[in-house]
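Per TrEMBL, the features are as follows:
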- 56-312: domain 'YjeF C-terminal' (DOMAIN)
- Gly123, Asn176, Val177, Asn178, Glu179, Tyr180, Lys181, Arg182, Asp245: (6S)-NADPHX binding site (BINDING)
- 216-220, 235-244: ATP binding site (BINDING)
Amino acid sequence: MNQLTSLSIARSYSFAPSTAAVLRRQSFLIRALGGGSHSKFHSTAGSTMQETEADAGADLSHVFCTKDAAPVIKSYSPELIVHPVLEESYSVREEERKQVSAKVVAEVDKWMERFDCLVVGPGLGRDPFLLDCVSEIMKQARHSNVPIVVDGDGLFLVTNSLDLVHGYPLAVLTPNVNEYKRLVQKVLKCEVDDADAPGQLASLAKQIGGVTILRKGRSDLISDGDIVNSVSIYGSPRRCGGQGDILSGSVAVFLSWARQPLVAADRNPTVLGCIAGSALLRKAASLAFETRKRSTLTTDIIDCLGISLEDICPTY
């Protein structure tokens, strides 16, 4: 059991109310990332943010994990708010599971109204008891109308329990090649068809009730079942472990921005969030590779996120 990487369940992003100036800034950023020439996409049918004009971002990040994982996760950054409330099968007796599960879900749910988005999957693991708890947390998030971005082992959970996201328009799935293959086999009962990748992706999203799917690849394909977008801005020839975690977090931030009516009222916020997150990560990965080449790590890409955003959408 890997107690450092398999126990974190989700990252949630919380934002303070924005001023009109910040909303304008967010709108400009979203449209620059999600629809400008830098994104190179096409569509086909089928701390508190006070009264300033400071750039907006993810204000608070909450991480729900087990007690064993909490000290290490907290050491990553003083900005993380760590909740060591999760339990795994080995630490819970059979006769106590119902009671412990209810307690875990209640501990997360009491924070739910503060969250603008929930990211489920990075570092989650596949412990049966933990997955049962996460399923209930996702149901609570859906009941509270909180967007859910599902990545990594969260996709393993969703693929085997499609009802968790089926028909929920604020759900985003971000599968890699193998995760996408399993989704296609489970939902469409066929193999991946790269010859008609956009059409198959749209069909898959529609079959899951209109969720948005970001299929990661040489070009990232994004669909909510009605349209298909392709983000082909050049990234890095080297793939790093954890790169998908940056993407899911970025999508969560931009999705939350895009839900604000003054930012992008004319677009599906989940699709726009995916396009923006994909464009930002690809640019950051490209910048990191220019310096680090084949030794590029995920931390190098994180260091380039600010430069990437500034390059695509200058502050002044």
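Each Cβ is built from the backbone N, Cα and C atoms, and glycine gets one as well.
Please treat TrEMBL annotations as automatic predictions, because they have not gone through curation.
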Candidate nearest Gly123 ((6S)-NADPHX binding site) in space, where candidates are the binding-site residues Arg218, Cys240, Gly244 and distance is Cα-Cα: Gly244
Euclidean distance between Cα atoms of Glu179 ((6S)-NADPHX binding site) and Gly244 (ATP binding site), Å: 12
Residue among binding-site residues Arg218, Ser236, Gly242 with Cα closest to the Cα of Lys181 ((6S)-NADPHX binding site): Arg218
(6S)-NADPHX site span - longest C-alpha distance across Gly123, Asn176, Val177, Asn178, Glu179, Tyr180, Lys181, Arg182, Asp245, in Å: 20
Val177 ((6S)-NADPHX binding site): nearby binding-site residues from Lys216, Asp220, Ser236, Arg238, Cys240, Gly242, Cα cut-off 10 Å: Lys216
Cβ-Cβ neighbours of Asp220 (ATP binding site) (radius 10 Å): 24
Averaged pLDDT score, the domain 'YjeF C-terminal' (56-312): 93
For Cys240 (ATP binding site): intrachain residues, at least 6 apart, with Cβ closer than 8 Å: Thr296, Leu297, Thr298, Ile301
Cα-to-Cα gap, Lys216 (ATP binding site) vs Asp245 ((6S)-NADPHX binding site), nearest whole Å: 12
